[in-house]
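Peer 1: Encoded as structure tokens, here's the structure I'll be asking about.
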Amino acid sequence: MLSLRSTAILTRSSPISSSNAATVVGRERACDRPLTVMKAPSVIGVSERDVLGADMSWTMGRGLTRRKPEPLKGWFRETGWETDWTFSSAHANARLMTRPLIAVLNGPNLNMLGVRQPEMYGSVTLDDVEALCAETAEELGLAVDFRQTNGEGELISWVQECRGRAAGIVINPAGYTHTSVALMDALLAVDLPVVEVHISNIHRRETFRRRSYVSQAADGIICGLGVRGYALALRAMADLLDEQTDLPDDHSDRDQAFHPYEGEEGA
Ligand SMILES: O=C1C[C@@](O)(C(=O)O)C[C@@H](O)[C@@H]1O
């Protein structure tokens, strides 16, 4: 279970748009080290998609370091999905960036990596793959939720849960690649960027592996490059998300529009 790792709270009164901003109150004073918080849609009154799915860059107004902490109005819900918020407050105007959450989903028998047909899949374990994904995500400024299941229904439920929660899906559907219309339908339904990964080159193997239902729902496919395909998939996902982003680099307009501590005593 994920634990609450920091105690920041978001409050806002109007719907999010890319041109306004939220008030962010942290128990931690503005600092240069990262804070990880759980999302709190019920607290901040925005949809989970706004928090996690959308590309967002929040610019905090002047005065973060001067604000007295408000009483907490609620706690971030623990949902198993998280986002990282990084305070960088070397300057008077601190900037808060969300990390888009990418679900990395693995299908049946991938828990057996390392012992399963090593001549085909190599000797690395699924834990190694998870570590690789975490490292790559860190480098790319993404957050990952890495999961594996042997159940088709569970995999489909996880895909469905991504809607409104994740910014994209990297999936190695394993055996369900070649059989599951339902998984394909779920991926089509969530309407998120999808990158399909296979450790082995499915086109060099048995004929039945050449057909992938999942590919119908995938933006791209990486196969045959071993587990590094996961890292490549995350890189591709970062690019896809960048392409969706139309935020200007210069947030000065938002800096001007957002004065959360205006009028406050001591601000
Ligand atoms: O389980 C797997 C693993 C696999 O998805 C791969 O990663 O190469 C390829 C599938 O055909 C197979 O059923």
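Glycine is no exception: its Cβ is also placed from the backbone N, Cα and C atoms.
Please treat TrEMBL annotations as automatic predictions, because they have not gone through curation.
Among the features that TrEMBL reports, active site, proton donor is placed at H198. The substrate binding site annotation in TrEMBL covers N172, H178, D185, I199, S200, R209. Here TrEMBL flags 245-267 as region 'Disordered'. Under the heading site 'Transition state stabilizer', TrEMBL lists R116.
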Peer 1: Filter the recorded positions R116, N172, H198 down to those with CB closer than 6 A to an atom of ligand 1; keep them in sequence order.
Peer 2: N172, H198
Peer 1: Run through the Cβ atoms and count how many others sit within 10 Å of the one on the residue listed as 'active site, proton donor'.
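Peer 2: Other Cβ atoms within 10 Å of the residue listed as 'active site, proton donor': 23.
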Peer 1: Run through the Cβ atoms and count how many others sit within 10 Å of the one on D185 (substrate binding site).
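Peer 2: So the Cβ neighbour count for D185 (substrate binding site) comes to 14.
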Peer 1: Within 10 Å of the Cβ of I199 (substrate binding site), how many other Cβ atoms can be counted across all chains shown?
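Peer 2: A count of 23.
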Peer 1: For the residue listed as 'active site, proton donor', which of these recorded positions sit within 10 Å, Cα to Cα: R116, N172, D185, R209?
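Peer 2: Of R116, N172, D185, R209, within range: N172.
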Peer 1: Indicate the candidate from R116, H178, R209 with the smallest number of other Cβ atoms within 10 Å of its Cβ, considering only these recorded positions.
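Peer 2: Result for the recorded positions R116, H178, R209: minimum number of other Cβ atoms within 10 Å at R116.
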Peer 1: Give the helix, strand or coil assignment DSSP yields for N172 (substrate binding site).
Peer 2: strand
Peer 1: Per DSSP, to which secondary structure element type does R116 (site 'Transition state stabilizer') belong, with helix, strand and coil as the options?
Peer 2: coil
Peer 1: Go through N172, S200, the listed binding-site residues, and name the one with the sparsest Cβ surroundings, counting other Cβ atoms within 10 Å.
Peer 2: S200
